[in-house]
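*Asks:* Sharing a structure, written as structure tokens. Questions coming.
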Amino acid sequence: MVKRVSKEEMDALERSCSQPFEEERFLIVSGTKWCGNNNIAANYSDLGFLEADKCCRDHDHCDHIASGETKYGLENKGLFTILNCDCDEAFDHCLKEISNNVTTDIRQKGGAENVWRFYFQWYNANCYRLYCKDEKSARDEACTNQYAVVKKNFTVQ
């Protein structure tokens, strides 16, 4: 599968990849501190000027299974962290709320739309769903034996 990217996206990727290996590599969306492959925030309340940064911060703090980690009986053998599908759904909703708000500034709308496109169309990460082995709801605190099942990717509407 081939993905088309803009010149700006390619330039940003090129700059990131050309940094020396000793340096931390950050690909952070301009105007944010949380939207990217890491964060540059000083603390939890440190946000960039784009409203999408709140969505990214919340998404970064979601339940996840890191590469090489086993959790809920699921081993993540992939190169990238996978998140709970509920988190991806909340992230999708948060970004769309910003871009669909008629009173939102055009820069804010564009920022949210760019983050959405990158994550849901270009990156298109897998996610996982939690289930309970004893027929209780996975959201029920009494469920002590949750297990995870990978969903190939979050399907947006």
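Cβ atoms are placed via backbone N, Cα and C, with glycine included.
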*Asks:* Out of Asp46, Asp58, Asp60, which is the one Swiss-Prot records at the Ca(2+) site of Trp34, Gly36?
*Replies:* Asp60
*Asks:* Between Cys55, Cys56, Cys62, which residue forms the disulfide that Swiss-Prot gives for Cys87?
*Replies:* Cys62
*Asks:* Between Cys56, Cys85, Cys94, which residue forms the disulfide that Swiss-Prot gives for Cys35?
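*Replies:* Checking Swiss-Prot, the candidate bonded to Cys35 through a disulfide is Cys56.
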*Asks:* Which one, Cys17, Cys55, Cys143, is listed by Swiss-Prot as the other cysteine in the disulfide with Cys94?
*Replies:* Cys55
*Asks:* Work through the recorded positions one by one (His59, Cys62, Cys87) and name whichever has its CA nearest to the CA of Trp34 (Ca(2+) binding site).
*Replies:* His59
*Asks:* Cα distance, Cys56 (disulfide bond) to Cys94 (disulfide bond), nearest Å?
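*Replies:* It is 9 Å, counting Cα to Cα.
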*Asks:* Below 8 Å Cβ to Cβ and six or more residues apart, same chain only. Which residues does that give for Cys56 (disulfide bond)?
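*Replies:* Listed in sequence order: Val29, Thr32, Trp34, Cys35, Gly36, Asn39, Phe91, Val115.
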*Asks:* Have a look at the disulfide-bonded residues (Cys55, Cys62, Cys94) and report the one with the fewest Cβ neighbours inside 10 Å.
*Replies:* Cys62
*Asks:* Cβ neighbours within 10 Å, counted over all protein chains: which one of the disulfide-bonded residues Cys35, Cys85, Cys87, Cys127 has the most?
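*Replies:* Output for this query is Cys35.
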*Asks:* Just checking: which of Asn43, His59, Cys62, Cys127 have a Cα that is within 10 Å of the Cα of Asp88 (active site), counting only these recorded positions?
*Replies:* His59, Cys62, Cys127
